[in-house]
Each structure stands twice: as C-alpha cells, then as structure tokens.
Amino acid sequence: MRFSQTRETHEYQSRRLDALAEPPEVGHELFVGLSALRDTLSSRHHSRDFAFAHARYLRSRVLALSLIFTLLSPLWIVVDALVLPSELLYLTLVGRVGLLLGLMGVVVLAYVTHERIRRIRFSAGMLLALPAGFYLFVLLMLPSEQVQNLVGYGFIPFLLVAALSVFPFTLLESLAAGLAMLGLLGFSQAVDGSWLTGRGVESMWLLASLLGVSLAANHFQLSLLLRLYRQATHDPLTGLYNRGALELHLEKVQAWQREIEGQDRLGSIPCSLLMADLDHFKQINDSYGHSAGDSVLYQFAELLVQQTRRHDCVARYGGEEFVIILVGSSQARALDVAERIRHAVENATFSGFDGEPIPVTTSIGVTRLEQDEPAQEALKRADHALYRAKREGRNLVMAALEPCDA
Ligand SMILES: Nc1nc2c(ncn2[C@@H]2O[C@H](COP(=O)(O)OP(=O)(O)OP(=O)(O)O)[C@@H](O)[C@H]2O)c(=O)[nH]1
C-alpha cells in the first residue's frame with residue numbers, strides 16, 4: 001500500500017506544484033482520459049486498498065448480472081421447445097441445466113465472498129465463461145446440419161461482449177475476454193459454414209466494434225472509479241490519506257496483526273502510532289500568509305513520507321495534525337523514529353511560495369497500537385501525549401502513559 005501511496009503522493013504533489021507555477025490549463029479532455037490509461041490497462045499500479053474497493057464494486061455487478069442470467073436462461077427453453085426436434089431439445093436441456101447450476105454457483109459464490117479479491121474476479125470470469133461454454137457445448141454436440149435450427153444462440157458472444165461494459169474490468173481483462181468471444185464466434189461460423197462469407201465477416205466486424213465500445217466503457221468506468229476513490233480517501237493539499245481512510249486503514253492493520261498472531265510460529269507484530277502537529281502554525285499563517293502555510297503543510301507531508309518506510313502509513317488527520325502508523329515497530333522504536341522526524345523538521349529548510357525561509361518545529365505524541373482495542377483509543381492516547389508535548393514547551397516527542405494517557 002505504502003509504495004503506491006508514496007508514488008501517488010509524489011505524483012500528486014508535483015502536479016499540484018506545476019499547477020501553482022503555471023497559468024490555468026485549457027481542459028484537454030481526451031488527454032485527461034488517456035493519461036489514466038496506465039491505471040485502466042491493468043491493476044498492476046492499483047494500491048491494495050483500491051483493489052478491495054474495486055472488488056466490492058465488481059461483486060455487486062457480478063451478483064446483479066448472474067441473477068439476471070439465472071432467471072433468463074431457463075426461459076429460452078420455451079423457444080428451444082418450439083424450434084428444435086425433441087432429440088436435440090434434450091441435448092440443449094442438458095446444457096441448460098449445467099449452465100443454470102453453474103450460474104447459481106456464481107450467485108452463491110459472489111454472495112458469500114467478501115474482501116476476497118481473487119474469488120470475486122473468479123466469479124466474474126465464470127459468469128462470462130459459463131454461457132460461452134454452454135454455447136460451445138451445443139455447437140460441439142449438435143450435428144452440423146442441425147446448427148441452422150438453433151434460434152437465439154448466435155447472439156451469445158454478442159451478449160457477453162456487451163456485458164463486459166457493465167463491469168469495471170481492466171482493459172487487458174476485457175480484451176482477453178473479448179478475444180475469446182471472437183474466437184467463439186469464429187468457431188460457430190466454421191460450424192455453420194458462414195466463415196469468411198459476407199455475413200460471417202459482417203458479424204465479426206460487429207462483434208469487434210462492440211468490443212471496442214465495451215473497452216471504452218471499461219476505461220471510463222474504471223478511471224472514474226479511481227478518481228472518485230482518490231477524492232474520497234486522499235487529502236487534496238498533501239495527497240496523503242485523509243482521516244476517514246486512515247481510520248479504515250488502522251482497522252486493517254489491527255486485523256492483520258491478529259491474523260499474524262493467529263499463526264503461532266510468527267508471534268505478534270508490534271505497531272505504533274505517531275501523532276505529529278506543527279508548532280505555532282497559526283503564527284506561520286499570520287506572519288507569512290495562508291498560502292505559505294499551505295506550502296509548509298505540503299513540505300511537512302513530504303518530509304514525513306521520506307522519513308517513513310514502504311509499509312508505514314502517513315495521513316493528514318486534520319488541519320496541521322498528521323498521523324503515522326509504524327508497522328512492525330515497538331513503542332521504543334517508534335520513539336526513535338519520532339525523534340528523528342522531530343530533528344529532521346527542526347533542521348529542514350521550509351519555505352513559502354516566494355522562497356522565504358520559514359522556521360518550523362513539530363511536537364509528536366507516540367503510542368503503541370494494540371490489536372484488540374478500538375482504533376479510536378490509540379488515537380486518543382497519541383493525542384493526549386501530543387498535548388503533553390505541547391504543554392511541556394513544544395518541539396518535543398512524548399510517549400503515551402499506560403494504559404491510557406489521560
Ligand atoms: N494554511 C493553512 N492553515 C490551516 C489549514 N488547516 C488548518 N490551518 C490553520 O492551522 C491553525 C492551527 O492553529 P492552532 O490550533 O491554534 O494551533 P497552533 O497555532 O499550531 O498552536 P499549537 O498547536 O498549540 O502549537 C489555524 O490557524 C488554522 O486556520 C490549511 O489547510 N492550510
């Protein structure tokens with residue numbers, strides 16, 4: 001998570017500084033859309049937290065569409081009964097029962113699966129693979145002279161390619177599924193003899209065009225999801241996690257601690273919480289201006305990111321208060337890190353937008369993050385320790401008193 005947070009933070013911050021240095025940009029919508037292409041092409045660059053949000057979104061669509069397919073699929077038996085001779089009706093019936101059972105399996109799997117990204121992706125894949133497999137089964141089993149009698153089967157690849165647009169799939173995922181559907185259509189054309197005929201080429205062209213539209217829908221859906229997710233979880237000034245995202249992340253870290261402890265041989269993993277607040281920040285705003293204050297906050301956030309590791313989490317808790325989760329660090333170790341940060345802030349050169357140097361110091365409260373306590377308790381302890389550091393003169397690091405520093 002941290003790697004992506006750091007990268008996102010840096011990218012966000014450099015974009016923000018560019019924006020401050022240059023006149024307002026004319027909106028290039030196409031460029032804005034294309035710049036998100038890297039993130040919609042594959043999930044390689046997605047943070048782990050976004051992957052969970054993405055999987056939840058995917059799950060709701062898998063549930064909806066698998067229910068629709070489950071209800072619609074048996075209805076077609078009526079059409080089969082009207083157009084197919086009885087011996088072929090039996091064959092398609094066998095296929096439909098298999099399809100129905102498979103679809104019901106997908107409904108159940110999607111319903112019971114929470115927070116399991118791979119399983120949700122698997123259920124989405126199965127939702128597309130099952131109708132395609134059913135069509136393939138019918139094509140393989142039916143005598144080729146009877147294929148002409150099939151009504152309403154040829155649209156299955158088209159329906160599935162159109163269904164791709166309902167999901168926030170990455171472009172590579174949709175492309176793989178779309179190519180499989182083109183292959184399926186090609187096979188059906190080889191069976192019914194329309195391969196490379198005018199009608200066959202027309203159908204291929206139509207399916208390829210439909211795939212293009214679905215890919216565009218995937219791209220815009222996923223990039224919108226990413227943008228909304230970033231807006232909802234990141235602070236616009238610093239690019240760090242905001243308070244809501246931090247609180248969710250704290251719970252995830254605690255769940256992870258419990259999971260590790262459950263695996264006896266690994267033992268428990270200590271984690272700590274730092275709450276850092278800029279000293280006399282109001283004076284900075286009053287003396288240098290609000291935008292210089294913003295610039296100091298931005299530089300402070302950058303310093304915190306630089307001073308912490310890949311798996312740690314830095315968040316803007318509010319105003320000029322920041323929280324850092326140190327994963328795998330005991331309180332003693334966290335005190336060393338806090339002292340290093342305090343020292344780095346004291347010696348760093350902060351500047352306003354005109355380049356004027358601004359002296360900055362920070363006070364930091366430190367506490368252990370217990371895996372079984374409400375996360376709010378740890379935040380409260382760190383806040384009380386921070387308050388003591390302020391009271392004792394500022395530019396100080398204070399450890400929380402046990403059990404609660406009140
Ligand atoms: N520039 C800027 N200022 C902010 C922002 N958020 C909060 N502030 C200011 O931060 C200041 C916080 O002031 P106080 O709570 O009095 O704290 P302080 O002056 O840092 O004093 P101590 O914390 O006691 O050392 C207020 O003046 C807020 O307006 C922001 O996003 N940008």
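Cβ from N, Cα, C; glycine included.
Look at TrEMBL and you will find 269-402 tagged as domain 'GGDEF'. For the domain 'GGDEF' (269-402), the model's pLDDT averages out at 95.
Here the transmembrane segment (62-83) has long-range neighbours at 89, 92-93, 96, 99-100, 103-104, 106-107, 110-111, 120, 123-124, 127, 131, 149-152, 163, 166-167, meaning same-chain residues at least 6 beyond its ends whose C-beta is under 8 angstroms from one of its own. Residues annotated as transmembrane segment in TrEMBL: 62-83 (among others).
Look at TrEMBL and you will find 89-112 (among others) tagged as transmembrane segment.
Annotated transmembrane segment per TrEMBL: 124-144 (among others), in sequence order.
The transmembrane segment annotation in TrEMBL covers 150-172 (among others).
Nonlocal intrachain contacts for the transmembrane segment (179-198), taken as residues 6+ away from its ends with a CB within less than 8 angstroms of a stretch CB, comprise 132, 135-136, 139, 144, 147-148, 154, 156-157, 160-161, 204, 207-208, 211. Annotation source TrEMBL lists transmembrane segment at 179-198 (among others).
Summarising the annotation, TrEMBL assigns transmembrane segment to 204-226 (among others).
Counting residues 6+ beyond its ends, the transmembrane segment (150-172) has Cβ neighbours under 8 Å at 37, 40-43, 54, 57-58, 61-62, 65, 76, 79-80, 83-84, 124, 128, 131-132, 134-135, 138, 142, 178, 181-182, 184-185, 188, 203, 206-207, 210-211, 213-215, 217-219, 221-222, 225 in the same chain. Taking DSSP states H, G and I as helix and E and B as strand, the domain 'GGDEF' (269-402) has 60 helix, 36 strand, 38 coil.
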